[in-house]
Amino acid sequence: MGTKVRAFVRVKPTAHFAQDVIKFGPDNKSIDIYIKKDAKKGVVNNKQTDWSFKLDGVLHNTSQEMTYETVAKKLVSEALTGYNGTIMCYGQTGAGKTYTMTGATAEYKHRGIIPRAVQQVFKAIACSVDSFITVRISYLEIYNETLCDLLSTTTSSGASDMQMAIVDCPQGVYVKGLSIHSVSDEEDALNLLFEGETNRVIAEHSLNKNSSRSHCIFTIYIEVRSRVRVLSDIRCINSKINLIDLAGSERLSKTGSEGRVLKEAAYINKSLSFLEQIIIALADPKREHIPFRQSKLTHVLKDSLGGKCNTVLVANICGEALHVEETLSSLRFATRMKWITTEPVVNVTYDSEETVKTLEKEISLLKQELAMHDSLVNRSLVTYGPLTDVQVAEIKSQIHEYLKGAIDEIDFFNTMLRGCCFFFFSQRQQEGEVETRLRSKYILIDKNDFATIAAAQKVMAGHALVPVPSYKEINLVHLFPSIRKEGTKSLFSGRDLAAHLPSKSQVVVPTKNLDVKEKARNEDTVKNDAQPSKPISEEISQRPSSPPSKAVAFEQFKEECGSEINRIFKENKSILLARRKRSSTVARRINIIKQEMEDIKKALEAERQERSQQGEYVDEKGRLIIDEKEFLLIMKLKDLKEEYRCSYAELQDLKAEIQYCQHLVDRCRNKLISEFEIWYSESFLIPTYVQNALKPSGNIRPGMIPINRVMCLEEDEQERFERMQEAMLPTGPDSVAFYKAKMKTDQKVMSAGHSSL
Ligand SMILES: Nc1ncnc2c1ncn2[C@@H]1O[C@H](COP(=O)(O)OP(=O)(O)OP(=O)(O)O)[C@@H](O)[C@H]1O
């Protein structure tokens, strides 16, 4: 079943609203017009004096935001799922078409449908996790049946390009020669809108044309590709949103135009009446031929009106009695639009190049599979190509299930698995080796094995009497120095590392110093075994009895061991600051240029109006003569536009540099902090509160072994505390409060130390 074109009416606010003439229905979906019969004045229709129009909504005293929500939001979100969408503003000159479509630049909240649609599209992109969405923009103007590219880079003022032509093709209609620009963010797209608007003003004055007499089509092209490619699925969803600001629809008789203005009005009249004809034809299901090619406007809109597209019309009207004839005509147009039924479909295309590539890949995988089969027979070596993310996930999951015992065998003949299982098996094997190595240094005790833990507790108490740095022994850095070194090819990341560590239900104590079950039997032996190795004890004897605060230690660290990284960090930070400073200067300049351009546009508009009021002069070739002031304004606008372009390009470069510098600064900061953490823990041993806890008088509980130190190498203080709490078996509320308070103090000290960064 088809969908009807939606039509809204938007009333321009006025102090002279004709209350007796225009009445809104209670549901805000109908509008009634009453005209008193006045034969002398020749009213619109002598027979009918009252009209009632049913629409999808009457936007009266409606904010720009509400207008967008009502008119465009749904259409834009559907465009993101592949449906073409068209929004058109129709109405007499000055009724608010441009205000609705583009909005006013003075205030952010007055921005119109185009900037809001751009924002919605980029917000959706930011939230999209499973698709790549690319956006492109074009801006076309149709003036006196001439196509004009408002974003053309070859012509400074967007003047019409003789090469442009409307072309019909199986995929729809496109404008040959119209530039389509890729945009990476909202700002880029808005910049193009602004550039197009400026070009429109420059061209308006250079060619002496009137913006109200041209149709403008701002198009957002959206392409959605899935991030996860399944074999043979190379679908690509393409859609476009046409945002159209039509020329003023006033009737010729009213404009009282002459000469060039009359010619313009005739063109507009023609194209709008062709548009009307198309709409009537589209609304008639029996009509076979729709004469789209009658005018450039209708031809360009061939696949955007009705058909497979979501279409919305906004009829802009003025509320004054004076304009009632135009209001009636716009409302009639809107009602006719509502008769049209559309059948929107998702625009799916298949990337033929990509299809070939994927099929080739599939063939080669099948060949490999075949070779694998042969290799089973011949025992020959087979090599394999890289796998997709999906395949890797599938293999990992199967191996995981297999190792857990959840499945009995792995489906080796599944095309997705192939030989890479060996890689994952070997990876798991290496993980096993890590565990073996861990076990050679430490023993794992079940957290619920209270007897063994109690024994360990005694031994640890013995350690604490003689302050042995058992902490250090547990530090994994000493076990696997490569884990922490950047740039070295470590098999495990910090996250992976956590996976190798004992589960929360286990605690680890060093076997070297602590053979728990054995030592529990003979405490004296334990004490002897627990003696620190010489170098460590020497190291300890040099350490201060109470460690310095982290803030103080951090300063010392920056002076000594961390001086080089601190220097690099400072350097990067100063480069970043310099770039930021330059960027804000350029951004300020851009805003000033923008404001100056807006002022000039206004001044030019005033000049144009004054000229048309006073009468226009043409030279012998029929070219319009403009005064020096207007000429200088046009030149100034062109210069500003050039400066704007350069500044904008510089700003984009600066932004990229800032992003990169920020990344470097963050990395340096993290490195500095993590190096400091290691240095601090190695230099000043166990924090006092853990040492105290290990003393026989301390509030030690089974399971409270400082294994958390291993876990916390890559974690922040809060998480560290939570893990410590988890690793402790029930402790009294006092001790929890104590550790918590202590942790908080430590955190504060840390942040005081780091805040200077
Ligand atoms: N809903 C509205 N609220 C506030 N101001 C409005 C509204 N609609 C229009 N205006 C103001 O009315 C003036 C004329 O509007 P606008 O330029 O949008 O008309 P238009 O229909 O596009 O005219 P043209 O056909 O000449 O392009 C502008 O100054 C605009 O800011």
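Backbone N, Cα and C atoms are what each Cβ position is placed from, and that goes for glycine too.
Features reported for this protein in TrEMBL:
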- Gly91, Gln92, Thr93, Gly94, Ala95, Gly96, Lys97, Thr98: ATP binding site (BINDING)
- 587-657: coiled coil (COILED)
- 4-340: domain 'Kinesin motor' (DOMAIN)
- 520-549: region 'Disordered' (REGION)
Filtered binding-site residues, from Gln92, Thr93, Gly94, Gly96, Lys97, Thr98, whose Cβ is under 6 Å from an atom of ligand 1:
Thr93, Gly94, Gly96, Lys97, Thr98
Calculate the per-residue pLDDT averaged over the coiled coil (587-657) and state the result as an integer.
86
For Gly91 (ATP binding site): DSSP state (helix, strand, coil):
strand
Packing count at Gly91 (ATP binding site) (other Cβ atoms within 10 Å of its Cβ)
29
CB contacts for Thr98 (ATP binding site) [other CB atoms within 10 A, all chains]
18
Judged by the number of other CB atoms within 10 angstroms, which among Gly94, Gly96 is the least packed of the binding-site residues?
Gly94
For Gly96 (ATP binding site), what is the secondary structure state per DSSP, taken as helix, strand or coil?
coil
Cβ atoms near Gln92 (ATP binding site) (within 10 Å, other residues, all chains)
24
